[in-house]
Amino acid sequence: MATNAKPVYQRILLKLSGEALQGTEGFGIDASILDRMAQEVKELVELGIQVGVVIGGGNLFRGAGLAKAGMNRVVGDHMGMLATVMNGLAMRDALHRAYVNARLMSAIPLNGVCDNYSWAEAISLLRNNRVVIFSAGTGNPFFTTDSAACLRGIEIEADVVLKATKVDGVYSADPVQDPSATMYETLTYQDVLERELKVMDLAAFTLARDHNLPIRVFNMNKPGALRRVVMGEKEGTLISQ
């Protein structure tokens, strides 16, 4: 298959799950995975692509279990936000070690640790080829980091949200439980809703749909997959109008 000489996207929002950073470990951050992801982001920057990043916090903290045990949901979500800041600090450090200029912004004030989120500042940094990592979700409880990814993607006018997962794309059923499940190359927003496919939570998904923000789901564990996506090669599942 012929490949494009130039990237098909100019500005992207990369959504990484916290679990992706833990690798085969059950908890925490796998340094080798972190460094590999930083190198893949570096490749995009070298291609001239402007990169925003949102990282989840599930590798460090999961509020759902504690909520069932009686913890207040708001408190649990605030703890989850802090977990995303910790992951953001790790990613910023990995990018700096890879000689990539990166800035970490938080939706909740953490002076002395990272910058407060500023839309105008984020746009300026992206235009100057700085990677911008958006942490602390939306800054509000009850919203997932997928919602934060779509919100920031819309705000920075990203061409696409690239949702990195552990599977190759969106399947008709869970491929682990159903070997006959087929992977979709393209879907419309309506297809996803009608078939009740699990791409991201409904609040996040409808936000993307209402603002016509395409979503591409792909497997970040496949070496080179991120580069293939931005070069327009056949990789993952694209969801659009």
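Every residue gets a Cβ built from N, Cα and C, even glycine.
Taken from Swiss-Prot, the feature ATP binding site applies to Lys15, Leu16, Ser17, Gly18, Gly58, Arg62, Thr165, Tyr171, Asp174. Less than 8 angstroms from the CB of Asp174 (ATP binding site) sit Ala181, each of them six or more residues away in the same chain.
For Gly57, Asp77, Thr138, Gly139, Asn140, Pro141, Phe142, Phe143, Thr144, Thr145, the entry in Swiss-Prot reads UMP binding site, with the evidence type sequence analysis. Non-local neighbourhood of Phe142 (UMP binding site): Arg73, Asp77, each in the same chain, at least six residues away, with C-beta under 8 Å from its C-beta.
For the region 'Involved in allosteric activation by GTP' (23-28), DSSP puts the residue distribution at 0 helix, 0 strand, 6 coil. According to Swiss-Prot, the feature region 'Involved in allosteric activation by GTP' maps to 23-28.
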Review point. Given the recorded UMP site (Gly57, Asp77, Thr138, Gly139, Asn140, Pro141, Phe142, Phe143, Thr144, Thr145), which additional residues of the same chain have their Cβ within 8 Å of the Cβ centre, ordered by sequence?
Key: Gly80, Met81, Gly137, Ser147, Ala148
Check your understanding: Taking the Cα atoms as reference points, how far is Gly58 (ATP binding site) from Asn140 (UMP binding site) in Å?
Key -> 17
Review point. Per the record, UMP is bound by Gly57, Asp77, Thr138, Gly139, Asn140, Pro141, Phe142, Phe143, Thr144, Thr145: how many Å separate the farthest pair of Cα atoms?
Key: 15
Study note, to complete from the structure: Cα-Cα, Ser17 (ATP binding site) versus Thr138 (UMP binding site), nearest Å, comes out at 15
